[in-house]
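Noted in TrEMBL for the protein shown:
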TRANSMEM  140-165  transmembrane segment
TRANSMEM  185-205  transmembrane segment
TRANSMEM  217-239  transmembrane segment
TRANSMEM  259-281  transmembrane segment
TRANSMEM  363-381  transmembrane segment
TRANSMEM  393-415  transmembrane segment
TRANSMEM  421-442  transmembrane segment
TRANSMEM  449-469  transmembrane segment
TRANSMEM  503-527  transmembrane segment
Amino acid sequence: MATPFLTTSTTLSLSLSTHLHRLSSSLSSTCFPFKPNLHRVPRNPSLLASYGNPHLLFNHEDHHSTYKSLLSTRVLGPKSNFLQMGPSETSCSREILVKSSASDSSNTVISTLSQKVFGVLHLVVSLGIVLAMDKFLKQAFVAAAIKFPSALFGMFCIFSVLVILDTTIPAAATSLTNFFEPALMFIQRWLPLFYVPALVVLPLSVRDIPAASGLKICFIIAGGWLASLCVAGFTAIAIRKIVKTEMVDAEPMAKPSSFAPIEFWTWGGIFLASFVSAIFYPTALGTTARTCLPFLLASTVLGYMVGSGLPSAVKKVLHPIICCALSADLAAVAFGYISHSGVDAVLGDYLTKVSSNPGAGDILMGFLGSVILSFAFSMFKQRKLVKRHAAEIFISIILSSLFSLYSTALVGRLVGLEPSLTVSILPRCITVALALSIVSLFEGANSSLTAAAVVVTGLIGANFVQATLDKLRFRDPIARGIATASSAHGLGTAALSANEPEALPFCAIAYGLTGIFGSLFCSVPVIRQSLLAIVG
């Protein structure tokens, strides 16, 4: 009775083997690199006996799975993926996938490279336009014999244009802002550097001042900075309470990227190569100023990078601006000692103030006008907040400007400071460009002392403004921005905005308005005479 079952099993196995052989032959012609031998059926009697029972073959799941496993192993070879569905399961599919992945990777690399090239070109074009605009305005104001700073005029012009476009063609204002975004981020990233040159050459500016007078000036500057900051900040808060303007959050401002190690090593290499070259060939680039320019510029940049990487607790005491200035001064001292030229000569080459023979400081200060122009875009981004808080902004800045001028004159007389020196430090809270214009209205003023007083005020503000604002519990960006710029102008603005970009718009408008109101007040004969009367 076993013979029919055995015959049936054998027939079934051969039929199944023939069917699989035909199917495999059709597939192997396209995808399989080998031809499996489907005629190798199992000859194990025990297994064949089990296959001979139809109930065992078709009704029992364990024997059915065993048979499928056996076919997979014997017929198709070990680890075969035959009859498994999926794009990565066959050799031809894997080959297509490899080619597709290589193509996608190549396209990604090309796309990334093109984006980087486009980004660099976008930065160069946008920043070049801002620099060209600043240069054009300077030349126009010089030709017209206008003493008012051209960059401040340009800042308010740009802001006005953006506001008008936003009212009439909003898409145009947005497109214009987006176009200049790379330039704005570049300026914001390096903002403190552009105010450092006056601090680097500070030893040359204060050399001829007597020690006793210098101490009195330092007392006036330090105390006056704190007093001006308090007046501006508390006035802004008080006016808001009077007009009952509800404080709303400022528009989020993007923070510039941190410095990469490749940037540090690149500037370090420039410093070493140019420093050694300048020692052996002092006039390799024509003049000593141009020859010293690369390593003095690199030392300034490296100082800023190192200072920016310090822990937050350290930066509250040693601000990156101080590290920046100290780094440049140390480089000047080292070169002056090794080359036997003296530190004074090297600092003189750092800031020559001669366009045909620029030094590192001249290159950095060449961006100051562009910095002021860029403030227009920051103000525009926060235009709704500026409009909402116009009362506290304008009133606090006007009161702070008047307080700064009159308090300096009064304290100078009380401490017995020479009238000429007191007049020279009157515009201590106003940016250098406007401060020099203001003291030119007074006879006998020392412009070098004016620049030094402005720089020291900014240095104090840059180093201590954040800690002081926290102690005074000035929380909102309006009070912090106005108090900072009204008391410490550009250096304070650079220091605060580096960590609090949301305060930059209010720093910018306070920075500009403080200088404008100070210039206007001192231009009025009555106010100027009253200041002279207080000074004595």
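Here, residue 1 is simply the first one shown, and the rest follow in order.
Just so you know, glycine gets a Cβ as well, placed from its N, Cα and C.
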Interface present between the transmembrane segment (259-281) and the transmembrane segment (421-442) (three or more C-beta pairs under 8 A): no
Annotated stretches the transmembrane segment (363-381) and the transmembrane segment (449-469) touching (3 or more Cβ pairs under 8 Å): no
Considering the transmembrane segment (185-205), which listed stretch of 140-165, 217-239, 393-415, 449-469 counts the most C-beta pairs under 8 Å: 449-469
Selection from 140-165, 393-415, 449-469, the stretch that has most Cβ pairs under 8 A to the transmembrane segment (217-239): 393-415
